[in-house]
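Participant: Handing you a structure now.
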């Protein structure tokens, strides 16, 4: 089988590529260049997609004895990931750029180029499993990345492989060390790769500018002014620019954001509880949409809690009623549906959250 191994320069994608070589496949390594501006991406051992990472990936490819290339996806990355991230925050949403990168770069732009060049599959170092075409959680629950892959279609999954999903991370590092890969002890990256400073608010402010608005309480009384809704997210408690806690002495949290009026509302923690979600552009990873109400589990953050729910396709939107509430859910987040399974929860689909509601939970 002709395999294109996406090599980030980290230990996970390196071992994934090595396993495909061991399996006897015709493997070619590729690293994605995502920025043309030096210093625009995070650099160093904790980086992602930096020049250092490209060099690390090339050295691993040399050890494995496979061809290696660097493909320039900088413009596509800027348009489909960075610009999308900025515009989402400007709309008062809270997006996940890693999900957009998987959806629009790794398994869209890269995927299309790979198939056009005659490759059978794209291999990555994601912690997830594929079983008979079904996407499942990884064995290592702490590293599971099925959430950020839940935007992939059945067709994309047919041409994808995740070779390390059945192995805990410590064993991956041990394997890399045994193979003599210099990245065996390379730290994981945790931050957004295109924000070198790690300061998301400053990054957004430089691109969106000042769009003044007000911070109000539940009754509509103005508590403070602000320079833009991009500086806030649902559930935020610190950095609100307000004098202190509410009249009852309890902390106040961001409970609603209206980008059109520039209004940020704050309230009690109880106001963050939601029992219903609405999502747009649903994707069902098995390829078929449910024909009626679907009992499932829902997750709204990459490593967040799950709660049981009933999901149903209503027109072109996904309607989800939760059995127990989730706290601090924002528009722009991705909701992912799972089917609980002792052998590894199966991903059923996903959608981008457009609305939340505090209506009564499903009984």
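Don't overthink the numbers, they just go from 1 along the chain as shown.
Cβ from N, Cα, C; glycine included.
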Participant: Can you match one of 32, 34, 115 to the ATP site that Swiss-Prot gives for 6, 7, 8, 9, 10, 11, 12, 13, 125?
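Facilitator: Looking at 32, 34, 115, the one Swiss-Prot places in the ATP site next to 6, 7, 8, 9, 10, 11, 12, 13, 125 is 32.
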Participant: Can you give me the Cα-Cα distance between residue 10 (ATP binding site) and residue 101 (active site, nucleophile) in Å, rounded to a whole number?
Facilitator: 17
Participant: Could you round the CA separation between residue 101 (active site, nucleophile) and residue 193 (active site, cysteine persulfide intermediate) to a whole angstrom and send it over?
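Facilitator: Rounded to the nearest whole number, the Cα-Cα distance is 11 Å.
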Participant: Return the residues near residue 6 (ATP binding site) by Cβ distance under 8 Å, restricted to its own chain and a separation of at least 6 in sequence.
Facilitator: 13, 30, 31, 32, 106, 110, 122, 123, 124, 125
Participant: Can you count the other CB atoms that lie within 10 A of the CB of residue 10 (ATP binding site)?
Facilitator: 24
